[in-house]
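In Swiss-Prot this protein carries:
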- GLY264, VAL265, GLU266, ASP267, SER268, GLY269, LEU270, VAL271: ATP binding site (BINDING)
- 370-401: coiled coil (COILED)
- 8-20: compositional bias 'Polar residues' (COMPBIAS)
- 154-173: compositional bias 'Pro residues' (COMPBIAS)
- 1-20: region 'Disordered' (REGION)
- 141-199: region 'Disordered' (REGION)
Amino acid sequence: MSLRKRSAQTQMWESPVMSQGKQSLLELPLKESPPKDSGLKAVPSTHTLYVSHLNPQFSVPVLACLLRDTLERLELPVARGQIEVVRRPRNTYALVQVAAPKAVLASLPWRLQMALEEQLILKELTARGKELVLSEALESLHHREQEDSGPSPSHSPGPSPGPSPGLRHPPLPQLADPSPIWGSAGRRQISQNRPSGVRSDSAIVHHKILGQEQLFQGAFLGSETRNMEFKRGSGEYLSLAFKHHVRRYVCAFLNSEGGSLLVGVEDSGLVQGIHCSHRDEDRTRLLVDSILQGFKPQVFPDAYTLTFIPVISTTTTSTPLKVLRLTVHTPKAQGEPQLYETDQGEVFLRRDGSIQGPLSVGAIQDWCRQKWAMELGKLEEKVKVLTLEKEQLQQQLRQRQPLSCSCCVL
């Protein structure tokens with residue numbers, strides 16, 4: 001009787017990757033068809049997404065940045081605090097907490113396949129010789145970790161492929177809890193790493209850093225806004241992910257009201273800085289100029305500014321710490337709406353603090369209609385003002401009394 005109970009419990013930890021026939025037989029008696037008028041299909045709920053086969057050559061912050069950009073391309077925006085990258089000898093994977101309806105998660109596999117065919121997924125994110133795998137298999141995480149780390153020494157050898165009766169799988173309360181525990185842990189780590197006694201008189205006001213052109217490590221610059229984006233930029237960021245972010249954010253800022261990309265600042269707004277020598281500055285300037293020269297319409301040098309702000313730290317380092325600030329100025333008003341595209345022919349927009357794109361043909365057409373509708377509304381408003389002024393002038397002319405003429409005969 002105990003063996004049957006344990007075998008029933010271990011079946012809950014088996015990998016969800018099985019044949020469709022077997023899966024349907026297991027799910028049919030457990031699932032009940034919801035009522036047609038329930039209307040709960042589109043309600044978002046918190047899920048944990050399992051992303052495997054990540055490139056182990058890159059550091060954890062770089063993988064988190066690339067994975068965040070990839071999920072945005074799949075129309076699934078997440079915050080960096082909701083991504084936890086785990087490195088294993090045989091597999092590097094990530095756990096991502098997302099708030100999305102079930103239908104959106106169910107469509108992720110074919111959307112990922114379409115994105116791979118259209119080359120929208122960054123090749124650097126996936127390990128060499130493997131394909132990116134997205135799944136919602138919380139129960140199979142422990143099983144997959146055992147496969148990656150090898151067989152357990154307590155597992156009795158035998159020809160039977162099934163699980164051992166004496167093998168017990170510990171529960172995973174941290175994965176079943178939908179609360180964003182990674183964000184609170186990250187905030188505690190930030191407060192511990194902040195240098196003591198560090199103060200800064202610098203702050204971001206109207207997209208400019210006031211005070212001296214220097215920042216203190218641990219200073220708080222505020223929160224991200226529609227026109228302000230922060231990137232931590234540690235590890236191989238400048239040589240790998242920075243070029244992709246230049247294309248995305250500069251194109252989005254050009255197609256909106258401008259903005260700034262700050263590298264060396266955490267998402268929480270704390271200044272950390274990046275190790276950047278004079279040679280790295282020259283390489284970064286050449287990289288930015290070469291990318292923006294391929295934009296269409298042409299982006300002139302006065303449309304953006306690239307600066308490196310020194311960061312004062314309590315610890316001494318061989319390479320100076322700096323914050324990279326790439327500012328795109330507000331585009332000048334043109335006779336007709338302009339839509340910028342990158343050197344790779346992609347179009348991005350900035351909406352509600354997130355990047356939308358690359359846009360499809362239909363989305364670009366909708367953008368053009370909205371822009372022309374806005375321009376038409378401005379022209380109609382000007383016509384109304386001019387018409388009102390004309391009526392007021394005509395009314396003033398009517399109210400004037402005619403001059404009386406009198407003749408005097410001498």
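Cβ atoms here come from the backbone N, Cα and C positions, even for glycine.
Keep in mind that what you see is a predicted model, and the values were worked out from it rather than measured.
All protein chains considered, the CB of LEU270 (ATP binding site) has 18 other CB atoms within 10 Å. A Cβ within 8 Å of the Cβ centre of GLY264, VAL265, GLU266, ASP267, SER268, GLY269, LEU270, VAL271, the residues given for ATP, is found for these other residues of the same chain: PHE220, LEU221, PHE230, ARG232, GLN272. Within the chain carrying the coiled coil (370-401), a Cβ under 8 angstroms from the stretch's Cβ atoms is held by residues 336-337, all 6 or more beyond its ends.
This prediction places the mean pLDDT of the coiled coil (370-401) at 84. By neighbour count, meaning other C-beta atoms within 10 Å, the densest spot among the binding-site residues GLY264, GLY269 is GLY264.
Comparing the binding-site residues VAL265, ASP267 by how many other C-beta atoms lie within 10 angstroms of each C-beta, the top residue is VAL265. Counting other CB atoms no more than 10 Å from each candidate's CB, the binding-site residues GLU266, SER268, VAL271 peak at VAL271.
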